[in-house]
Amino acid sequence: MMTLKEALSLASDDIKKLRDDLTLKIKESKIGAYVEQLTSTDISQSGVGIPIAIKDNINVKNWEITCSSNILKGYISPYNATVIEKLEKAGLSPFGRTNMDEFAMGSSTESSCYGKTLNPIDNEKVPGGSSGGSAAAVAGGIAIAALGTDTGGSIRQPAAYCGCVGMKPTYGRVSRYGITAYSSSLDQCGPITQNVEDAAILYDIISGYDPMDSTSANINYEAVTPKLNSDKKLTIAVIDNFVSQASPAIQKGFQKAVNALEEGGHKIIHKNMLDTQKIVSTYYIVATAEASANLARFDGVRFGNRKGESGLKDMYVQTKSQGFGHEVQKRIMLGSFVLSSGYYDAYYIKAQKVRHLIKDEYSKIFSEADLILSPVAPTTAPKFGSFKTSLEMYLSDIYTISVNLAGLPAISLPVDKDEDGMPIGLQFIANAYEEQTLFDGALSLEKAINYKK
């Protein structure tokens, strides 16, 4: 499959041929339900730029945007998200929609109203979530690259499960304008690509200050791609209590990466973080509280397909009960509970205090280290139906959610395979706004490992 870097050097006739070839691949693909979303888009109207697949919660003008939810089916976006404007300005163009967990709430892309997405490496395994369609599209060879969103690992975990590279920028580095909010203080948009250099290129294209987003960081920005340096020697921290909780396959892949980094001249130091159970509790209190507020607008009046005809209350009840899936309803209820009178101080305020402790923990580590190396998930991609309870699914994010709570940048890349041939992904975490160091370290590990798909 052609890389993004290679595609950027193509002439217009070659780009047209590439788009035709990818369109054919989409129509013939059996990877999963995200194909329905991709082919439902009128690709001929997408322009002539290099094709990039787009997650179904990012607004593209005149395209349907549903967030993979019944409540938004048929809604046509009247405008482009800032990241889409930046893509088009750089000569790239939206190529098609990719499937996702409903409103980005999930870790397996099973909660979509379009049905589940299959992992292209093993169709019995989940592709991860919530950006599972984007990762599957890249891994399956029907997209050069894709955009996803990451609220608690939703770019990095699918990339790890599918053997791709997935990058979450520093909070505020990429505009959220035009991206449907799940948790406003945690959401970030980022690239899913075939390799680290492509991720750096796409990151450079979509990042930068945007006055349309009040959370956008108004600071100087320098492109990372021209300065990529895989030879830079770094101090890399290993979080021992994270690694010890991972499966034997993940631990084996982790040690392989550590050995490669040490052989490359990088210094490895050992650290510990807060208990992962506390991190999970904090994340789901903060995320669901913000989700309950953000999704209140989908009421059948402002947004959402209206249901119920016997009065205002009936309309609200029927619209939301028929429009939202089970997982979304559950998270809205949990968020409403922790924000309610009598529980706000007991849960939400305490969660915000723990969030600051998490930031402090990272700050202490980065006073001694340039990067942190961590697993992305406790296991490789599980089979469909493996998560018997919501808690089991939530715990699959134990290594990624603290990064969002602290607003830090991170990148996932494949380093090995388990005995079933499934990818093992690890993540580098950097201090805020240190994306250059993040990409340098990731490129160094990628070259040292030389992962074969």
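From the backbone N, Cα and C atoms, a Cβ is placed for every residue, glycine too.
Copied from Swiss-Prot, the annotated features are:
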ACT_SITE  Lys55  active site, charge relay system
ACT_SITE  Ser130  active site, charge relay system
ACT_SITE  Ser154  active site, acyl-ester intermediate
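Feature map: annotations from Swiss-Prot on the structure.
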{"residue": "Lys55", "record": "active site, charge relay system", "Cβ neighbours (10 Å)": "31"}
{"residue": "Ser130", "record": "active site, charge relay system", "Cβ neighbours (10 Å)": "35"}
{"residue": "Ser154", "record": "active site, acyl-ester intermediate", "Cβ neighbours (10 Å)": "36"}
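Taking the C-alpha positions, the distance from Ser130 (active site, charge relay system) to the residue listed as 'active site, acyl-ester intermediate' comes to 5 Å. Counting only the Cα atoms, the space from Ser154 (active site, acyl-ester intermediate) to Lys55 (active site, charge relay system) is about 11 angstrom. According to DSSP, Ser130 (active site, charge relay system) sits in a coil region rather than a helix or strand. A coil conformation is recorded for the residue listed as 'active site, acyl-ester intermediate' in the three-state DSSP classification, outside any helix or strand.
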